[in-house]
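Positions annotated as domain 'Phosphagen kinase N-terminal' by TrEMBL: B:44-131. The domain 'Phosphagen kinase C-terminal' annotation in TrEMBL covers B:158-400. Feature annotation from TrEMBL assigns ATP binding site to B:161-165, B:His224, B:Arg269, B:325-329, B:353-358.
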Amino acid sequence: MPFGNTHNQLKMNYSAEQEFPDLSKHNNHMAKVLTPDMYASLRDKQTPSGFTVDDVIQTGVDNPGHPFIMTVGCVAGDEETYEVFKDLLDPIIEDRHGGYKPTDKHKTDLNPDNLQGGDDLDPNYVLSSRVRTGRSIRGFCLPPHCSRGERRGIESMSVEALGVLDGDLNGKYYALKDMTDDEQQQLIDDHFLFDKPVSPLLLASGMARDWPDGRGIWHNDNKTFLVWVNEEDHLRVISMQKGGNMKEVFNRFCTGLTKIEELFKEKGHEFMWNEHLGYVLTCPSNLGTGLRGGVHVKLPNVSKHEKFGEILKRLRLQKRGTGGVDTAAVGGVFDISNADRLGFSEVELVQMVVDGVKLLVEMEKRLESGQSIDDLMPAQK
Amino acid sequence: MASSFARVLSSKRKVGILSLVGAGSLTVGFFLNREHVNAGSNVRRIYPASAEYPDLRKHNNCMASHLTPAIYAKLCDKSTPNGYTLDEAIQTGVDNPGHPFIKTVGMVAGDEESYGVFADLFNPVIKERHNGYDACNMKHPTDLDYSKIRGGVFDDKYVLSSRVRTGRSIRGLSLPPACTRAERREVERVVIDALAGLKGDLAGKYFSLTIMTDQEQQQLIDDHFLFDKPVSPLLTCAGMARDWPDARGIWHNNEKTFLVWVNEEDHTRVISMEKGGNMKRVFERFCKGLLEVEKLIQEKGWEFMWNENLGYILTCPSNLGTGLRAGVHVNLPRLSKDTRFSKILDNLRLQKRGTGGVDTAAVGSTFDISNLDRLGQSEVQLVQTVIDGVNYLIECEKKLEKGQDIKIPPPISQFK
């Protein structure tokens, strides 16, 4: 249970066997990993803020999953969750992040000059480019567990920091609860507005409590840099623009993030980060870079090719519909982004997207003119 | 599985050892002083109460009407012996601002002790919801003596079906918003163990939601017995849907006239129903069934949550007292179009709903008519109110059929 958790000790009146969840119909990472013995050894532990293993797994217990889509099935309530419950989370992280071991180190690289190319993706095919990540403020509980006071504290610190940004990053904050109807409509039209989560995966973890208190959207005047406050993470940071200039998008992304981090440090706050897990976020799937860099790209021919799935896999890319996760493609336009989050740096991941999309566009052009793409098949990255 | 469980018997904490042998099961139970979890000491606060106070400016529910910053500050660091806190109790009301026309309660209890530990908030909410009932000073009458009922057999031409429902909670186990998985499973075990002891026209069968076959599920749907995972955010935000469908199920007698829901919004919901207008018989079966189940759980050392101020303790304050809703599906084609219909219902202390239950609209001219009140009057009194009221409504309908005029009855008093 989020926050008011002193009654987590109540379950110690019962044996581990009596409390162990029924996971017989479940298909998610948590259910694959959590054994009765592991549960027994973890259930009397809690993080300094009182988050327990039952809090971690509630979303996975409530959402058995889907035979085809493997959800994570657990969340962190604070930074220490990943340490206190490492016996559970390390194997989940390993499975979710392509074999990432508990001893592995994660590279952070937010130097946009290290990106090669990326400013010349063909705008006839690449309609828009976007990079997003998340950041958590050290010392505060994460959305599944935070109190109203903490959430408001995160909001006011973030608004203060964002208020200092100027030049290309000069912008404005819109608190969800004070928004006017006109502001709301504008944000909807810009595709910026986020709404109260409806996904049971999120609701079951407690992150929608007290909605819309402490939530809001900040964006720069140019509408190319956007920050969500207190949605699924403390901060979600998004850089985006129409067309194929991923280099510019990534430049702004890195510049903005670095500036925001400096501003927080000036006030004595830092982001949750460590050299093993990189940036720490609510969902284990977003550890490391938390980065999803992608484009909306027209691939009507390539997408029908029998090897499309294999090509994406080798390029370490993932396809989604243009509505984002769990949507279908419309009119041959796909959202193509990096599949990885942890174990590669930001530069490496965006490089994969840039190189991969360039290749896909080339393949599309070949197929358009009736030529083969066999010689273009990439090796596994 | 060998089970070891802690039990609490009544509000007087007894210490002793009692060996209990029930029919068909050998269990040794202990009456123990429940180990009190550190009340409040583990609550991590980095902000003062004023920074944690919820924003209720756009809210319209009973909790929001009565939760002042002062009451919040007084109660926010307290917890029940099980560790349930104020923030948890009010979460559903914070998350669901409500509707200008429908005033929801906006808070729940996580255990029996919630009503005491958070009385400073529960009592004004109870007072508002139950029309001035003073939980500190008034006593709630419990009366399941069905022989006192007068009349209660309605004309089948008007009354299509009759139903009485209530809930019961097992003392010593946390309520659905707060219970652990093991507690919920314990509720299930205790209840189905007792139900298995019912005989005669009450003999029946349990269908666990986790292992139900497709055929069983379809049959329960066809019988209109099946309950599904709550979708109402009023319920899900309170945490009652956790671990669904673990330890949830439906029990009904072979004749399909007595039904018990296990671990939905309350530990148990008990329903007696029949087609036709024999409310008298429905209530008789209701009382017999309830009393028999109570006897069976007492044989095993358990009891229902009850006290003399609040009557039967349930999850939602709106269901305190009797937790009883007695109603009929009744055809009132002329009366329902009369402009005086609502006023007549008000004065008779009745409520109308659509035939789909709460928050549904009437289909055609068939209405669900039931008692408004839950607390401050006994079961017998409330059912009599429904019987007398429905009789009056049918009389009005008949008069209108003959072209005669009808009268609005004088308002009946609430607390008898």
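Numbering starts at 1 and runs along the chain as displayed.
Backbone N, Cα and C atoms are what each Cβ position is placed from, and that goes for glycine too.
Computed from a predicted structure; not experimentally measured.
A map of TrEMBL features onto the structure.
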{"residue": "B:Ser161", "record": "ATP binding site", "DSSP (3 states)": "strand"}
{"residue": "B:Arg269", "record": "ATP binding site", "DSSP (3 states)": "strand"}
{"residue": "B:Gly327", "record": "ATP binding site", "DSSP (3 states)": "strand"}
{"residue": "B:Arg353", "record": "ATP binding site", "DSSP (3 states)": "strand"}
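Remark: B:Gly327 (ATP binding site) has B:Ser162, B:Arg163, B:Val164, B:Arg353, B:Asp368, B:Ile369, B:Ser370, B:Asn371, B:Val386 as non-local neighbours, by Cβ distance under 8 Å and separation of at least 6 in sequence. The Cβ of B:Arg353 (ATP binding site) has 18 neighbouring Cβ atoms from other residues within 10 Å, across all protein chains displayed. Applying DSSP to the domain 'Phosphagen kinase N-terminal' (B:44-131) sorts its residues as follows: 41 helix, 6 strand, 41 coil. Model confidence over the domain 'Phosphagen kinase C-terminal' (B:158-400) is summarised by a mean pLDDT of 95. Around the Cβ of B:Ser161 (ATP binding site), the same chain contributes B:Met273, B:Glu274, B:Lys275, B:Gly276, B:Val328, B:His329, each under 8 angstroms and 6 or more positions distant in sequence. Over all protein chains present, the Cβ of B:Val164 (ATP binding site) has 27 other Cβ atoms lying within 10 Å. Residues near B:Arg269 (ATP binding site) in space but far in sequence (CB under 8 A, at least 6 apart, same chain), listed by position: B:Arg165, B:Thr166, B:Gly167, B:Val260, B:Trp261.
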